[in-house]
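Visitor: Sharing a structure, written as structure tokens. Questions coming.
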Amino acid sequence: MGLNFTKMHGLGNDYIVINEFDGEKIKEDEKAEFSKKICKRGFSIGADGVIFVQPATDEKYDIRFRIFNSDGSEAEMCGNGIRCFSKFVYERVMQKNPLNVETMGGLRVSEMNIENNIVKSIKVFMGAPTFELKDIPMVVEGKSENDVFLDEEIELKNALLNSVKLSVVNVGNPHAVIFMKDNNLKAPFIRTHLNILGKEIEHHSVFPEKINVHFVEIVNPQEIKIITWERGAGYTTACGTGTTSSVIIANKLGKTGNKVLAHLDGGDLEIEIKEDGVYMEGDAVIVYDGELYQY
């Protein structure tokens, strides 16, 4: 008998969902290597990451969300992933709405728009952002761990750019946001050289635990476009926490309002900044169920 799984995606960001709510399917010390192996496109199922549905470890949560990237690293949070997770949980595990989700990045609350017991869209309370360098983490000469890094430059070592101006924020996981116009960059240039630029910034020495990278174009105060390079996954069609971070930084620097429509390669997300925190809204899709025999 094989291992049951569900393939899902959120704006083209695709995941393999493993239901461990009623018991462990993959041993804890094997989850990283398992995820790395089955995410390899062309050789196994192929995905940007693996989501494990688990019982909560504390009664204040309804259920636990865990996600491993395609390189085997475990991430604290994932915006597109948690929307997929929430749809899966409501339709396959427990019909609870809203859903209090335990993540490594803290509590996330999913509120689902439901029609005929099918989840059509999910609004997730993403919590409040943190900007201090200790929360990224980021190590910068001349700055303390309580300082922030907003609209400042870091040096690069590639032949394309000597430096780049960026801002950093943590929304459960860390993100670097780069506004293309402020760096005299155009989207075609970024797309052509994303493997070089995204990878170098992700692995830059100032980020000891690496970082997610987003190149942002401001369309108008209510609309942005984003090109994403995810930590541990590389280019992806969308990133929910990255979109949230991009809007937070854009708003903080006076470039956008509190409610923004973000266009990503995989589709659109709506982000709203309120007094109690930030909300992300978008859909999620169950593509197919399957059974894995070699892993």
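Using the three backbone atoms N, Cα and C, a Cβ is placed for every residue, glycine included.
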Visitor: Pick from N117, N170, N173: which one does Swiss-Prot list with N13, N69, G79, N80, N212, E230, R231, G240, T241 for the same substrate site?
Guide: N173
Visitor: Using Cβ atoms only, which residues of the same chain lie under 8 Å from N173 (substrate binding site) while being at least 6 residues apart in sequence?
Guide: A75, E76, M77, C78, G105, N212, R231, T241
Visitor: Ten-angstrom check, please: count other Cβ atoms within 10 Å of the Cβ of G240 (substrate binding site), all chains counted.
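Guide: By my count, 29.
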Visitor: Can you give the largest Cα to Cα distance in Å, as a whole number, for the residues N13, N69, G79, N80, N173, N212, E230, R231, G240, T241 that bind substrate in the record?
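Guide: Among the residues the record ties to substrate, max Cα distance equals 17 Å.
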Visitor: Once near-sequence residues are set aside, which residues in the chain of E230 (substrate binding site), 6 or more away, have Cβ atoms under 8 Å from its Cβ?
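Guide: D48, N69, N212, T236, C239, G242 - these are the non-local Cβ neighbours of E230 (substrate binding site), listed in sequence order.
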